[in-house]
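> Annotation comment: TrEMBL describes 1-346 as domain 'Peptidase A1'. Annotation source TrEMBL lists active site at Asp4, Asp214.
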Amino acid sequence: MVLDTGSELSWLHCKKTPNFNSVFTPQVSKSYKPVPCGSPVCKTRTRDLPVPASCDPNNKLCHVAVSYADASSIEGNLAHENFVIGSSTQPGFLFGCMDSGYSSNSEEDSKTTGLMGMNRGSLSFVSQMGFPKFSYCISGFDSSGVLLLGDARFSWLGELNYTPLIQISDPLPYYDRVAYTVQLEGIKVGNKILNLPRSAFVPDHTGAGQTMVDSGTQFTFLMGPVYTALRNEFLQQTRRVLQVYNDPNFVFQGAMDLCYRVMGLSRPSFSNLPRVSLMFQGAEMSVSGERLLYRVPDMNKGSDSVYCFTFGNSDLLGIEAFVIGHHHQQNVWMEFDLVKSRVGFAEIRCDLAGQRLGIGPL
């Protein structure tokens, strides 16, 4: 399943299509119970979902639909089922039994069974299961990694840097109240802090401008003025070591307009590039080396490859927020402490962490 800290509803594919490897079949489950339209659950428990639940006229069941930043979407019916994780059983767990949708990456989606919604909403996996804390570590090499539900302390992990979770109780049109929102305070390129006012990182009166930690989004997106300042400074500091790919019509994934032409088709080292540090309240997350640039698949110019800067402009995506995606969380131990309302992180090799826990490939 896809682990998504940016969304609430957990769901499983319930309709077999040619490219899905595995689906959930409600007909063979004795504990499966779909939620009818008239149920109070359909109206009250779905209040934090971006799209309100509706009534499916064909079967009079509670209909849910979810869309994601990459333009993919999925819909189906809300249902109860018994979920078992380790020694924890949650009878009557609410989830989406999804039977139709649109995927922007059908090849990748065909490898998954569904999605675990891990935000702070009442319907999320972590809320329904009642875990006080969860941690994950995403490997830099493939989709593998570590997910730990509950408290975990390891001598080899070292100290985590913590930043508090921000909560706004008033409903605002552009503010996601159940997201993992932290306070971004500044950005540093090499040793130079971008000359931006603190107000550039603070949500405005509409809620636009919150900073969300989102494992379900691939890259990191910054609000327009902040992105422009970072782009200009990175260009300035790399002008002698990187060759800009000058094609005004090319914007990778609709929001990443700073791309480079890199010699050779083999995997280069970007160790000489300046690190970009995201400065949070009480903590810092550094992005360096190959995590700064992403090779555009199947796009070569002669014997050269095209790589794009892994920070994008959220204005171009139509997202009114800063989003810290999973690419910049690779090889970082991420801890979400729901009791103390904070996020902690520390750099670590996730493949080695998996081996130490006896769950990674040797």
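From the backbone N, Cα and C atoms, a Cβ is placed for every residue, glycine too.
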> Fewest other C-beta atoms within 10 angstroms of its own C-beta: which of the active-site residues Asp4, Asp214 fits that?
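Looking at the active-site residues Asp4, Asp214, the Cβ with the fewest others within 10 Å is that of Asp4.
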> Between Asp214 (active site) and Asp4 (active site), what is the CA-CA distance rounded to a whole number of Å?
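Rounded to a whole number, the Cα-Cα distance is 7 Å.
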> Over the span of the domain 'Peptidase A1' (1-346), how high is the average pLDDT in this prediction?
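Summing pLDDT over the domain 'Peptidase A1' (1-346) and dividing by its length gives 90.
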